[in-house]
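Heads up, the thing below is written out as structure tokens.
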């Protein structure tokens, strides 16, 4: 490989940066140019890499994160100095919390100007260090390839996340001597030690009420395949965080207690409280706080690529650290009988199944207008088939969807819980579509979150992205409102005015739809799904039942 990339003289450091990106297999770069980084944009014109101009830097990071989550290879954002970098912060923090590999390259003032009060001077490394896995400035031109290569390694290995590289203007504009480094990828790990796997197999054999708790890393495709074999072998009940959506397939659906998160009141939560053995697979505490679900009465097993980050409510008794898929496959081989459910666990799963069937039969009969959230979820279930990718923003709708809409393909759903960032869904959808243009992407937001990234409709139209965006309209920040009402019995700062979302979408060149009656919901969604290109559907929603989400909600109370 060294002979393939000899040391050579580059007219500009930017040329070496771009060649290093090509060596990493980068297919597109999301960003906004500026004077401190425009030489890199110029060099990209002579490369195989596609430039995707965006309308806000945070959205560049969101789009790159979608590429990273779906492919496992870091997506790339490219921004200028000063506010170009500071605008990027939310996207990078979100990617880091959600485990999405992203590499961001940010322009910076010339090295000689770092200590001066000059235009757009900012200590971006200090700014990004707390919210990334890796943040560094290139201080010597001949280190360019090494720094960029290591940024990819940091972003992609272990639990993936974000990495930031600061590129001073004189480093990328000036000549440099160096060579491109071949992409080495993340190092291949082996399974956890055999004796530790044997120990967990014995714990499973002795347990009366074991349960698997799945986290984001369990939904990586190879891990998901191994998990499904383990579920079939063991017949152990399973629950998951929101981020692990799609890890459990339809064959194991009868043992799936649904997703858990935010409020401790789901079937999965009841099984966790009942459990004498909890096996966490690919889980990070940022996905669902251990204090919410860990009773302290169960033996706790941690299976992941990294040791557990311990806290008072998460101190595993056994840790299986290594390649997750390899570990799960070995564990499955060590299990010699299927679990017989305890009467209590069997009843919890039967009740969960009853509620699923109730929603399937009666969800479409909720005829009030504005629409009940379950009516919308039931209609969405019909359009989000296995070929559709779903991206979900943050808001009250996110809880209804996470609890009651089911998907069975690993990484089919992108949902945020680490930072609970508003505005992610539309840029995520654009990034996801670029990875798989043959797949329709459906994104969902509230009317609050939508306007935080709605300018990217122009990007979607320019790219002719086959993206359908659904807006649940209630003229307020409802998820905050229901919590304020519970805590203070009054509302503050959560109401805003209406707008014509159909006209707004059409002003960008997208196809706009507005649901104007309950009976129009399903026909409108079908018509919007038939659009070959960007489309937006505004759906008025009645959130009066949202306080029930924080209690022991049983669907028979509504349906």
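Quick reminder: no glycine exception, Cβ is built from N, Cα and C everywhere.
Note that this is a predicted model, so its numbers are computed, not measured.
According to Swiss-Prot, the protein has these features:
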BINDING   159, 263-284, 304-323  FAD binding site
BINDING   447  Mg(2+) binding site
Winner by Cβ contact number (other Cβ atoms within 10 Å) across the binding-site residues 311, 317, 323, 447: 447
DSSP-derived structure type at residue 280 (FAD binding site), helix or strand or else coil: strand
Per-residue Cβ crowding (10 Å cut-off), top of binding-site residues 274, 280, 305: 280
Cβ atoms near residue 159 (FAD binding site) (within 10 Å, other residues, all chains): 17
Spatial separation of the residue listed as 'Mg(2+) binding site' from residue 311 (FAD binding site) - C-alpha basis, Å: 37
Chain-internal residues, separated by at least six, CB under 8 A from residue 268 (FAD binding site): 211, 213, 239, 240, 257, 258, 259, 260
Residue among binding-site residues 159, 274, 280, 317 with Cα closest to the Cα of residue 447 (Mg(2+) binding site): 159
Three-state secondary structure, which DSSP defines for residue 159 (FAD binding site): coil
